Amino acid sequence: MGVHYQHAKKEVVPLCCLSCKKLVLLVVSWLVLLAAATASLSGLMLGYEMGLTSGVVLQLRKILSLSCREQELLVSSQLLGALLVCLAGGPILDRYGRRCSLLLSAALVVGGTVVLIAVTSLVALTLGRVIVGMGTSLSGTAACLYIAEISPRERRGLLVTLYELMLVVGVMLGFSCSYAFATTPHGWAYTFGLVIPPALLQMGALLFLPPSPRFLVSQGKVEQARVVLARMRGGGKENVAGELRDIQVGLKEESEHSFWELFSAKANLRLRLLTGMSLVFLQQATGQPNILSYASPLLRSVGFNSDAAATLASTGFGVVKVVGTIPAVLLVDRVGTKTFLCVGAVGMGISLAALGTLTLQSRTHLTSLCKSQTLENHTYSPWELNTTSTELDSSEIFSTQLPSHWSAEEAQKTDSEMVYVVLSEIFPMGVRGRAVSVVSAVNWATNLLISMTFLTITGSYVSDGEAL
């Protein structure tokens, strides 16, 4: 009895203080969470722009009578903008910081979107998509760095994965919104324009958030960085001395390495860089990014009876991507990135083999990937066109067995995204930023090359009405 009383007596004051401390930590953790959520809107915007592409291509190729090359230009223009920023974005991030870079990237997204919806022409669409691609690419890099630099070490991995989750949610929303406006006049403009609200929301929230402590230290503002760290961690300035010291050591280590060391035999960096470049090249060579960009035209060509039906079916890709990402995020730390990548590669191989086998056995008649089947088969009256695009029943949506096969391939995407987790582990801290920048440039360049030639090369193997 005495022991219990003594225990209770000893805990009365500490529990009160502990509650106050927890309250402070809760407020601070919400500040970190708010900053991470704000930065993760970049993932939502990037994913949204990726997901809407295939749906709006179906609409725009009718309105502007786009050829194969012009459709490829429309799709790849965003990738070109992303590649340009990937090559030149490093100095922006280093000079102006992650927070200001996010503000700039959000402004680019808004500006590019206004350009492409203001004038209905291929030139305006291409220019707008290039600007949007620059914004989403810069924001993606800045967001991940900002989240990593404001997060406590024990929660860093979890908060960074929030960006990945928002990315796949954005893809699903892109597919869904492109379907929602598939039969609406100027629906493509509404689909593009829906990215503006999250961009403006991000810009507004960033104005009230602090710069990252690491950027402040790199600018020589150590005391200001100490204040920001104290706010983020919920303690006094003296409690963040160790973390501040780690930031200074990391920056010093990076300053001791040059860019050209990546191509040297020092610390086996050349082989590591080659490994990273091979991983992202093979990730793109699987074809999964182009299935994402050309999903609706592909589904339209294999038998879906209307553009709206093909766009609706493509939304399943986004759903599969979200469902596949959640267990990947939860299990990657427990299973290990290398194991996860190997298992994912095996899964991709099986999926591709199954997709090819089932497609051959289905004897599906493939039509042109570039032309509107509704208009090329015969001339419809206005009421027939309206019926084709709006009155969809289950027989139209599921008029071919291929969607289940496409979904099988889509399931490989989450595993391929684990490539970037592996990249963060194979390079030493001192050169990690420069190495990932080079690898990212190879990733965007490969994606751009495949997207610019996908319809042309695929179309060369398929003639109208030819059965596989």
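Note: Cβ is positioned from N, Cα and C throughout, glycine not excepted.
The feature domain 'Major facilitator superfamily (MFS) profile' is assigned by TrEMBL to 35-468. According to TrEMBL, the feature transmembrane segment maps to 23-48, 73-93, 100-124, 130-148, 160-182, 188-209, 340-360.
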Which listed range (100-124, 130-148, 340-360) shows the maximal number of Cβ pairs under 8 Å with respect to the transmembrane segment (188-209)? 100-124
Best-packed against the transmembrane segment (73-93), counting Cβ pairs under 8 Å over 100-124, 130-148, 340-360, is stretch 130-148
PLDDT averaged over the residues of the domain 'Major facilitator superfamily (MFS) profile' (35-468): 78
Report, as numbers and ranges, which residues of the same chain sit near the transmembrane segment (100-124): CB under 8 Å and 6 or more residues beyond its ends. 39, 42, 45, 63-64, 66, 70, 73-74, 81, 89, 92-93, 130-136, 138-139, 141-143, 146, 189, 192-193, 195-196, 199-200, 202-203, 206-207, 211
